[in-house]
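**Q** Please see the structure below; I have some questions.
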Amino acid sequence: MNGTEGENFYVPMSNKTGVVRNPFEYPQYYLADHWMFAVLAAYMFFLIITGFPVNFLTLFVTIQNKKLRQPLNYILLNLAVANLFMVFGGFTTTLITSMNGYFVFGSTGCNLEGFFATLGGEISLWSLVVLAIERYVVVCKPMSNFRFGSQHAIAGVSLTWVMAMACAAPPLVGWSRYIPEGLQCSCGIDYYTPKPEINNVSFVIYMFVVHFSIPLTIIFFCYGRLVCTVKAAAAQQQESETTQRAEREVTRMVVIMVIGFLICWLPYASVALYIFNNQGSEFGPVFMTIPSFFAKSSALYNPLIYILMNKQFRNCMITTLCCGKNPFEEEESTSASASKTEASSVSSSQVSPA
């Protein structure tokens, strides 16, 4: 084996030289230069000072504006809550460990950090699945006269938490485990060892199938059908001007949604799958560190994509930040009517399928 396995860790370096140390007790500067740990700490600090305000503002603005308390926005708020879980439960911990060069909070802290990071990421992922299904049902109309109400939104939010817990909780109770990964400053699922006594292989397979492949398939299917439906409606010149605008807006949103998801999670999932399929092979600590830390940026991407691109949310945010006045209101007044019609077309199922 080209790594060193301990009771609750796996360091991707052979201990033939005798330099490998427990990542819960000793700095890991033998894995990489000091400046790399400093870069990780700076990156986590950036995610905290940007991710927290944007996600907190999403919650605050929704509470302040009654018109935003719509069923669909329950899911968007769930995304913000999930991202805050990642910020407080994962990012702050990783910032401190990166500054110290090792996981100073011990095995228990590793379990908590891994749990909250996984929970937040999975809530975000399944929230996107619920959004995709809602968009598909409302716009493509596979069921006639369906209206997405509060009960559907609450059920969707509940589903995200159930599925997230089904992924994040098992390693805490003996099915797989959380261990430090990469430069040993953040924790994740053990992809590195078979560990038969905790049935690690079966859990990793379960996680990749149920909590990655299936959600990704659903998202691609729903948004693929949505784009086709909007294009067909536009081609038939149904409500031509607003539908054409809706087509452009929805297409742009879908492209950014898919790209954002893939940019955040596909590199991490691909590297994790490679490591899992090649356990014991030689790879450096940076090999997993970069995609692992890059996946954490989803806490910043999500609100920018799903909240800030929503005109109603954006206007309410500007009004809140500017103490009740929107300085851009006059500039947008000429398109306000069209925007409302567009929102109705896309969000209230007025865009008819072919």
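Using N, Cα and C of the backbone, Cβ positions are placed for all residues, glycine too.
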**Q** Per the topological domains given in Swiss-Prot, are Met143 and Met309 together on one face of the membrane?
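**A** Checking Swiss-Prot: the two residues are co-localised relative to the membrane.
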**Q** Pick from Cys167, Cys185, Cys187, Cys222: the cysteine that Swiss-Prot pairs with Cys110 in a disulfide bond.
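**A** Disulfide partner per Swiss-Prot record: Cys187.
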**Q** State the residues, same chain only, that lie 6 or more residues beyond the ends of the topological domain 'Extracellular' (1-36) and have a CB under 8 A from a CB inside it; answer 'none' if no residue qualifies.
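**A** Beyond its ends, the topological domain 'Extracellular' (1-36) has Cβ neighbours at 100-104, 106-107, 110, 177, 179-180, 183-185, 190, 192-193, 280-288.
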**Q** What Cα-Cα separation, expressed in whole Å, is found between Asn200 (N-linked glycosylation site) and Asn2 (N-linked glycosylation site)?
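**A** Distance between the two Cα atoms comes out at 19 Å.
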**Q** In sequence order, which same-chain residues at least six apart have a C-beta under 8 angstroms from Asn15 (N-linked glycosylation site)?
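**A** Residues satisfying the criterion: Thr4.
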**Q** Out of Asn2, Asn200, which of the glycosylation sites has the smallest number of neighbouring Cβ atoms within 10 Å?
**A** Asn2
